[in-house]
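> Supplied in structure tokens, the structure appears directly below.
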Amino acid sequence: MAEEYTECLLENNKYHEHCPGCKVDQMKKSRRGFPFSELLSVWIIVLCTALPISSLFPFLYFMISDFDIAKKEEDIGFYAGFVGCSFMLGRTLTSVIWGIMADRYGRKPVILIGTASVVIFNTLFGLSVNFWMAIITRFCLGSFNGLLGPIKAYAIEIFRDEYQGLALSAVSTAWGIGLIIGPAMGGFLAQPAKQYPSLFSEESVFGKFPYFLPCLVISCFALLVTIASLRIPETLHNHKIADDASSHDESIKFLSHDPESHKVTERNEKNSLLKNWPLISSIIVYCILSLHDMAYTEVFSLWANSPRKYGGLGYTSADVGSVLAFSGFGLLVFQLSLYSYAERLLGPIVVTRISGSLGLVLLSSYPLIAKLSGLVLTLTLNCASVAKNVLSVSAITGLFILQNNAVGQDQRGAANGLAMTGMSLFKAIGPAAAGIIYSWSEKRQDAAFLSGTQMVFFILNTVLALGVVLTFKPFLAETKQ
């Protein structure tokens, strides 16, 4: 009956000739078949904005060491945390603003500004010559790159109803893969004069700026995405949807006996986002899981790069890049082949709950992995990394679906901006807190309780456990469709 309601509104709705949102609605109504071009557009835009977020982590340990700001080796993690969190701090301060702009001026301008900011500020970060330049460029990159909220709204609006689950899965998949492939690129391409002396000399620009190459490659990709994004359609209606209410009053009356129509009407009447508990509860869980994911990303790279004597793996940046590249491939296969089936079978809340619970078990094994060596270590670490990232992205995707189902189109940009603000704040806390805690843990190797890195993974698990607990009723609510 809900599908009949939607089709009836489309047939009776008054379309505005010069409204880009109406043109997209007409296109969706007439088009059949799988939306390959829309999927590709959303995918590359999200990938572009996700790549620079964590691309620095494999080489951040060495970058801080080169800045000569840390007096002792154990203090490197402390300073690395502040560089890692500066991006998310900038995003925290501007996410709601970008969401409001997306609702007022359109999704497309905000998307273009976001991709262009990667070109400029990510390039400048690669040319950083000191600690403060690194922090400022990362902060500016986060401040201007506010497209994650608008792109989720755009994905919902550009796809037909039957593909909206795939749309948000594409957003979270590209986001998750960007957060994995970005560090892989950072690991493979950082310090090219040392890793590939036959190709890059110490006297070249890449020798003088050893962390410029991965940033330059990502910025070039962002430039191509920016140019390609000039062709995407705008999905925001430039007229008030309420203006057309008289055009489809009969449609609503015709279906007034349907309880689904009352639910849609009731949802549209909830104008205050802060009073929309299904939205707010899903954002809170999203923020907690985002804090855990960002802290884990920071800890994983620090743990892998740290010497064996401190409980780390003693990996090079290239070794970390190899692990993360393999994880990205495994995540891509899972999300494109299995996630949509799991979501339809179990629902977004159950998928989030199961993913978080399995993540608790997996993360508990990490201190034991550090005791392995050779081929056994390589195989175990790669399998654990794939599983951890698949579980994390699956949990986040379920929450994306809940958030976008909780509001109508006129509030979707602001709602996603609110979610991004909370997420960015928690993700800003994540690297800083993780860096401080990791640095502290390296100084307590002989502690009687949870010595060394055991304490770090215990704290990560505590945060994840809190997120899992909050997925149960009465806290997490779901808007009935």
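Every residue, even glycine, has its Cβ placed from backbone N, Cα and C.
So TrEMBL lists the following for this protein:
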DOMAIN    38-479  domain 'Major facilitator superfamily (MFS) profile'
TRANSMEM  39-64  transmembrane segment
TRANSMEM  76-98  transmembrane segment
TRANSMEM  110-129  transmembrane segment
TRANSMEM  135-154  transmembrane segment
TRANSMEM  166-189  transmembrane segment
TRANSMEM  209-230  transmembrane segment
TRANSMEM  273-292  transmembrane segment
TRANSMEM  312-334  transmembrane segment
TRANSMEM  346-369  transmembrane segment
TRANSMEM  375-402  transmembrane segment
TRANSMEM  414-441  transmembrane segment
TRANSMEM  447-472  transmembrane segment
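Have a look at these and tell me how they're positioned relative to everything else.
Beyond the ends of the transmembrane segment (76-98), by six or more residues, the same chain brings 52-53, 56-57, 60-61, 63-65, 67, 69-70, 110, 114, 131, 134-136, 138-147, 149-150, 294, 298, 302, 414, 417-418, 420-421, 423-425, 427-436, 438-439, 442 to within a C-beta distance below 8 angstroms of the stretch.
Non-local neighbours of the transmembrane segment (166-189) in the same chain are 38-39, 42-59, 148, 151-152, 155-156, 158-159, 195, 211, 213-214, 217-218, 293, 297, 301, 316-322, 324-325, 327-328, 331-332, 335-336, 339-340, 343, 389, 392-393, 396-397, 400-401, 404; each lies 6+ residues outside the stretch with a CB under 8 Å from one of its CB atoms.
Beyond its flanks by at least six residues, the transmembrane segment (209-230) meets 41, 44-45, 47-48, 51-52, 55-56, 59, 62-63, 66, 108, 111-112, 115-116, 118-120, 122-123, 125-128, 182, 185-186, 188-194, 200 of its own chain at Cβ-Cβ distances under 8 Å.
Beyond the transmembrane segment (346-369), the same-chain residues lying 6 or more positions past its ends with a Cβ under 8 Å from any Cβ of the stretch are 285, 289, 296, 303, 311, 339, 377, 380-381, 384, 387-388, 391-392, 394-395, 397-399, 401-402, 452-454, 457, 460-461, 464-465, 467-468, 471-472, 476, 478.
Packing against the transmembrane segment (375-402) from elsewhere in the chain are residues 152, 165, 168-169, 171-173, 175-176, 180, 278, 282, 285-286, 289-290, 293, 296, 300, 313, 323-324, 326-328, 330-331, 334-335, 339, 342-343, 348-349, 351-352, 355-356, 358-359, 362-363, 365-366, 369, 467, 476, 478-479: each is 6 or more residues past its ends and has a CB under 8 Å from a CB in it.
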> Same chain only, please: residues at least 6 beyond the ends of the transmembrane segment (414-441) with a C-beta under 8 Å from a C-beta of the stretch. Say none if there are none.
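Cβ under 8 Å, 6 or more out: 74-89, 91-92, 95-100, 102-103, 142, 146, 148-150, 152-153, 273, 276, 279, 283-284, 286-288, 290-299, 302-303, 311, 403-404, 406-407, 452-456, 459.
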> Per the definition of 3+ C-beta pairs under 8 A with sequence separation of 6 or more, do the transmembrane segment (312-334) and the transmembrane segment (39-64) touch?
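Counting Cβ pairs under 8 Å, at least 3, so yes.
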> Would you kindly list the residues that approach the transmembrane segment (110-129) from elsewhere in its chain, counting only those six or more residues past its ends and only Cβ-Cβ distances under 8 Å?
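Apart from its flanks, the transmembrane segment (110-129) reaches 45, 48-49, 51-52, 56, 63, 98, 101-102, 137-138, 140-141, 144-147, 150-151, 154, 209, 211-216, 218-219, 222-223, 225-226, 229-230, 232.
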> Other than its close neighbours in sequence, what residues sit by the transmembrane segment (447-472), given a CB gap under 8 Å and a spacing of at least six beyond its ends?
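Result: 281, 284-285, 288-289, 291-292, 295-296, 299, 303, 310-312, 349, 352-353, 356-357, 359-360, 363-364, 366-367, 370, 395, 434, 437-438, 441.
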